[in-house]
Amino acid sequence: MSVHTSHSRHNIGSLEVSSSQKISASSGLVHSSRLELHLKADMSECENHDPFVNAGSKTIDINSTYVISACKKTRETPVTSDPRRLSLQRRATCGDRESSLLGSELGNRRTADTSLRLQRRHGRADYVGKWETLNPVGGNPGSDSASQASRTEAKGVNNDTRVLSSVVSVKDSNDTGLTRCKDPGPPVGASNEKVTVKDTNSRAPVGSQRQTEAMRSGHLVVQLTESKSDTPVSGGRNSHRGNAGKDTAKQVGTFGSSDTRTPVKCVLEHRWTPRHDPPPPKSPALSTPKNNGKDIPKHGSTFRSASSESRTPVKCVPEHRWTPRHDLPPPKSPALSTLKNRIASPRVKPRPKSSLFANKRESSRESTLPPEENSLVQKTFTEPDSLKVENSQVTVAVRVRPFSKREKTEKASQVVFTNGEEITVEHPDMKQVYSFIYDVSFWSFDECHPGYASQTTVYETLAAPLLDRAFEGYNTCLFAYGQTGSGKSYTMMGLNEEPGIIPRFCEDLFAQIAKKQTSEVSYHLEMSFFEVYNEKIHDLLVCKGENGQRKQPLRAREHPVSGPYVEGLSMNVVSSYSDIQSWLELGNKQRATAATGMNDKSSRSHSVFTLVMTQTKTEVVEGEEHDHRITSRINLVDLAGSERCSTAHSSGQRLKEGVSINKSLLTLGKVISALSEQANGKRVFIPYRESTLTWLLKESLGGNSKTAMIATVSPAASNIEETLSTLRYATQARLIVNIAKVNEDMNAKLIRELKAEIEKLKAAQRSNRNIDPERYRLCRQEITSLRMKLHQQERDMAEIQRVWKEKFEQAEKRKLQETKELQKAGVTFQMDNHLPNLVNLNEDPQLSEMLLYMVKEGVTTVGKHTPSSSHDIQLSGVLIADDHCTIRNFGGTVSIVPAGEAKTYVNGTHISEPTVLHHGDRVVLGGDHYFRFNHPVEVQKGKKLSSRNNLTTSEGPKDFEFAKNELLTAQRSRLEAEIKDAQLKAKEEMMQGIQIAKEMAQQELSSQKAVYERKIQALEAELREESQRKRLEELNNQKASHKIEELERAKQHLEQEVYVNKRRLEMETLATKQALEDHRIRHARILEALEIEKQKIAEEVQMLQENRGNRDKTFTIQPNWNSMKLSTMIQEANAISDKFKKCYIFGRHDASDKGRSDTSVRVRNLQLGISTFWSLEKFESKLAAMKELYESNGGDRDEDVFCDPADEWEPDITSTPVSSLSRRRSRSLMKNRRVSGCLHDIHPIQSMQSSHSSGLMEKPSTIYSNSSESFLPGICKELIGSSIDFLGQSFDEEKTIADSLINNLLRLHNGVIAISKAHEEQDEESQDNLFSDRAAQALTIQVACAFEQLVVLFKHWLGDFLPCTGSARLEDELRQDIKKLGGYLQLFLQGCCSDISSMVKEAQNKVMKIIQQAVQCVGQLAVLKGSKLCVLENSSKVSSTQEFMAALQDGVTSGMKSLLDSGLETAQDLRQDLSRQSAREEVTKQMKASTVEWVGSLENAVAEWRTKSFRTQAQEGSRQQVSKLLSLASEFLKLKSCLQQTVEMIVSALRGCPSDLHCLRSCTETICSLARKLHSDFSAHSASAGSCGNELPRADCEELESLAKSLLLCFECGESPGLSKPWESCSSNSKEEQCKSDRADCGKSGPRRACEPHGDATPAVSSGDCTPNRIQWV
């Protein structure tokens, strides 16, 4: 008996032996016990003592299927027999007998004889999504002798082992089987399988000389075969134990060389095979990438064990092993990692995999079925399961571009080099060499290089494999990354003559569709194109928004299944490559249109081009066609380039764009870094949502996608830092592992499985001789339920087809509409080469000359783009007038005529009269639209004006830079005058500020002088009084001579005291006079300094005026392009302010300080007399918001655009007369920075006065900072005490969050009024600040705390309630009101602090208005959410504020009206939904009619309640009526919820699903009860309000209850036992879930009922009448 491997050309090879041969074969293989050899192809493990494994360098584990020939002699030819006798089949294990009722029944009966059949094993190898094919090994495919193997010798060892000699066998011309010695792995088959033996005596020729020599040398070659029941080894997905059809391919190779022949001997090993073996582990896919499209292995197709001269024989020691009952899968060989790139992978066609139902019902394939039915079932069960899942790393390619023109001019040095797949970067400064290895490296530096990578090479190598994977059903993504100017857009889009990846991809896509599309396979494609700019998403395939408005940025959302998506993005159906070309052209021109008007978009954005391909495969089952859909999403992303601000010299809007781009790319880098760490086994957070770009690419990075990345780099040394950063970026991206799976339509998959199940059940039904009637009845019920599901899915498929057609028609209509709209905006798809035209010029070269405006014969009008505009050329922009200009074309002469004051420039010159245009002229409209005029006829005739020869022929191309410099040169004088005017105005304002400061100082010094003079007079008067008192005392002393002696001592004492007081007064008088003298000297010095400063400024003003008068002199200030842009932007801001009738004026402000000029924008509020200054960056951002407001024609946030609460407003001194200055006004002007800058040398009067005051005149001075330090702790202490008291209070007064919101709004209202009143009552001549008072400080802190609590409570309130109808809009309104309230509070406090009365009054009015709006919104939301307002019951707090209470009442009544409107709409929708349901039985028709009538009656009742509520709202209601409305709202919400639940149960019953009668009865009773109560309450409410409306008759309420009873009766008839039980048997799980949800919902509004099945157990149904009525429903 000889042992060898067997191969066949056919998928199923038959083995033919006789009965005696089988006995001898089995007994020859049994050692001491009678063990049977289990023939099973599975992955096995080599022994640890194998030198090839120990060396770690030679081979891998290979599955081997051994064929043992039952011959008496070694070289005996096997006996041939009938191939139909025996075939190898898989015996199903007990773990497979669990799928269905029939399957479990049939699985218990198994035949004793299981036929055996050897089948061809197919395999698959994976390497980055690529398939590889080896050269064929066999000879002529048609030759039978080519399939014979070389001779095999078997040697006996101790009479119980067999040694295998080298064998070569070939399956077909496409398979090569090369392997080494293997231990047989643990089989998975049954224990009673038979083994047949066969011997082959031929050798197959090989394809190459090396392989031929290796085979002739006699080395071991084993070809693997595997039956259908094999488990997967690699590249697939494991399922249950014993799954059928999971086949894979293993790598095979040869040992040896052409010099020697080394026999390799192995010993068969006996093992106990487990009954249930777990599937072996997956081994890494071993393959090599394609080599320029050739199927040649990269490192050869043979293995060598030692050297090419000699080989050492290797023997495997015979060994007996006991295998456990449940064996573990063998471990992976360590040699796999070292042989990944050195093993040739055969390309084989994967065999279809068995479906899910085939796995579950394996036990049902028995011999009891007829042969034709058995074959049909087997054919059905072997359908492929396309839900494949693969782990694949991101493929990274790097492309090196050539030098640019600038780099060639600068003679840049090359620092980037390639060597195969390795890229090296030589740093010129650090003298270091950096090496990087990627999957693919494209060298596009030199076209003469033999390895030059063209656009075709890049596409075929990188993008074409992604297209193949897309056809397999995987999502794919390709994105390009690199610095600005590295060639990303050229790689992705390309040029007309050299198209890039996207055009080639689309063209190849439709080419393959044309080849693959048949009558059974159809393809549908949809495309979208959008950009991400400054974290905003813009659809590039839509011209304008709804109702002709400006289209708004889109928002990103996330679907729980399909992942992130763009809400509202247009998806257009495309049927050919020309459609995609037109849409791409439209999208690119949309970008150009957007970038022309200097608005918030430009070409510096991330663009995402998406294709959604749906493959529909038609399957015919039982004569019916069913569709199976596979969807693939293809994302082609062109990322914006990263840049360094210092290198790009960007500023302003460009700087902001760069910051946004770098931010999104930084987030992308963080995501890639986190994913690379996650691939290494770490658990990290992936910040997808930090950027819009990464959120949208979530599935492409670490998700369900096959992703490739191409990094473009510059080879120049000047960009080495960016190059290294890009390469490191790409290196991290290689570590990302995606989990890609085939996107199969689950409905189609379910249809296929249901069809297979039906076929199986029908086959079982026809052979029911061994099945009892009870199981037969259950099978019929299952068939009926499956038919129901199948027909429902078919209806869904028909609906999907209809939607597809509608979407295609809408896409065509939209395309025509967009084309017409874009023709007016300059996007011309067809042009006449003889007509004159205008082409756009843009700062971005890629967007220049993208828009073409044809100038027709006659008059062409140009104006603003509006929905009602009829102009031939429509432009957008603030400075574009409604009727801007007209272009006349008569007789080949074209002239342009400006209209009114619209700004029109020709060759940089502002024109105000008709001007003739010539070929090449530059036309600028509105200051920001640049065009070049083309006249083909004039060029052909060679017309040239002599006056323009020097201008047109001596200069370069007329691009944007040329037009910009030309306009700047022509407008230089105007810009210089504007700059000088700004500087002159700034100097004049400075002089005015100095004059005001001088007069204020004069006033302060005069008042201080008067104070000192009064003090001196008081001291002199006191001195005189003291002298007079002394004289009187002396006279008294003389008169009282008799008391002289007694008073002598008193006299002396008095004399001393008088002397001391006199001396003191003299000293104080002298000090006061000295201080007055010092003050006069200081006053003189200050006035002298101010006068000198005034003269200096006057001289500068005079010099500026002289310069302005003398235009021929050279100016010191040279205007640049930024000055020109700033001038245009200021004009736009003033135009927008004027349109909205705002009192804001914008102007340029140039302040020179120590020779350094500081430019800013001054914002003046003429109404309030205040001004502030904006930096250029802030002005640009504000202008962008103004333009957005301008395009949307205003809105609620128009005031926020012009007035920023964070601005530091100050009094405007330009219109302030000095004579009207009061002390309070002077104090506010002192805070003006120009005035305070002039008075920085003057100390505060209080401190000077306190420094010289002493004695009797000394008084404590109060300074604000000191007082605040003393007051603030006490105020905080009181607030903490009030908070502690609040803890001890009961919650009777404040039970809901709505009450807390209203109380905080009331606190804000009262606090603002109190602070405003204190500000008004402040003395005009007082020098104290308002907030030096303790009460004002306390009020301010209370206002701040109340606003903080308001914000916190609002956020909590939104999270406590589920969204209801109409609440989303009110919540947004309330959020905006609170935001505005905070801004106006900031302005109010700033006005109080700055003592600007106009600002305080304006802010107070705004605050009061916003508070009333917020209170009204809270009232409406309280009604819609069913909240109570206890503040209405305890109205003592709000009784004093009538406006506040009126707003709350208006909100409650408006909310009630909205609630009734939503209830009416809900009832109408439910009635329409019921009308759309189909009913085929009489019972269901009656149920449907009763339900529709009942809902209609309830709808009429709601309409009547709405009418009464509206009448009540028109009258003035009391607080009690408002509280009554709130209670009515809560009851109405319960009624609405019960109505929805009831209709859902009835609709479910009409569709054939089970429902609970008890829950339905409870809901209907609750609805009738609530309707009766609401009717009486609304009637009483209307009567109390004085409304005289018609009441709903009581008969109508009774009719509502009667209809409800009729509905319940119909429902009971429909749920009778004979009709309901078949549904209960097939849908028990869904019924239990429905009952649980119904019971939970009914518990909210009615009594709890037990949701149990109605009726007793269903009697057995005979086979003759199995639920005929239910079948009619299908």
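Glycine is no exception: its Cβ is also placed from the backbone N, Cα and C atoms.
Annotated region 'Disordered' per Swiss-Prot: 132-158 (among others), in sequence order.
Residues annotated as compositional bias 'Polar residues' in Swiss-Prot: 142-151 (among others).
The feature region 'Disordered' is assigned by Swiss-Prot to 171-374 (among others).
What Swiss-Prot records for 202-214 (among others) is compositional bias 'Polar residues'.
Taken from Swiss-Prot, the feature phosphoserine applies to SER257 (among others), supported by similarity to another entry.
The phosphothreonine annotation in Swiss-Prot covers THR262 and rests on similarity to another entry.
As annotated by Swiss-Prot, compositional bias 'Basic and acidic residues' applies to 267-279 (among others).
According to Swiss-Prot, the compositional bias 'Polar residues' annotation covers 302-311 (among others).
The compositional bias 'Basic and acidic residues' annotation in Swiss-Prot covers 317-329 (among others).
The feature region 'Required for microtubule-binding with high affinity' is assigned by Swiss-Prot to 391-772, with experimental evidence given as support.
The domain 'Kinesin motor' annotation in Swiss-Prot covers 393-736, and the record cites sequence analysis as its basis.
Taken from Swiss-Prot, the feature ATP binding site covers GLY482, GLN483, THR484, GLY485, SER486, GLY487, LYS488, SER489, and the record attributes it to a large-scale study or a structure entry. The secondary structure of SER486 (ATP binding site), as reduced to three states from DSSP, is coil rather than helix or strand.
According to Swiss-Prot, the feature domain 'FHA' maps to 860-911.
Swiss-Prot lists 936-1674 with the feature region 'Required for CIT-binding'.
Under the three-state DSSP scheme, SER973 (phosphoserine) falls in the helix class. A sphere of 10 angstroms centred on the C-beta of SER973 (phosphoserine) encloses 12 other C-beta atoms. The phosphoserine annotation in Swiss-Prot covers SER973 (among others) and is backed by similarity to another entry.
According to Swiss-Prot, the feature phosphoserine maps to SER1326 (among others), an assignment based on similarity to another entry.
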Cα-Cα distance linking SER973 (phosphoserine) and GLN483 (ATP binding site), given in Å to the nearest integer: 39
Confidence summary for the region 'Required for microtubule-binding with high affinity' (391-772), mean pLDDT rounded: 81
Fewest Cβ neighbours within 10 Å, where candidates are the binding-site residues GLY482, GLY485, GLY487: GLY485
SER973 (phosphoserine) and THR484 (ATP binding site), Cα-Cα, nearest whole angstrom: 36
Protein Cβ atoms within 10 Å of THR484 (ATP binding site), excluding its own: 19
DSSP-derived helix, strand and coil totals, residue by residue, for the domain 'FHA' (860-911): 0 helix, 27 strand, 25 coil
All-chain count of other Cβ atoms within 10 Å of SER486 (ATP binding site): 25
Separation of alpha carbons, SER973 (phosphoserine) and GLY485 (ATP binding site) (Å): 36
Number of Cβ atoms other than its own within 10 Å, given for GLN483 (ATP binding site): 23
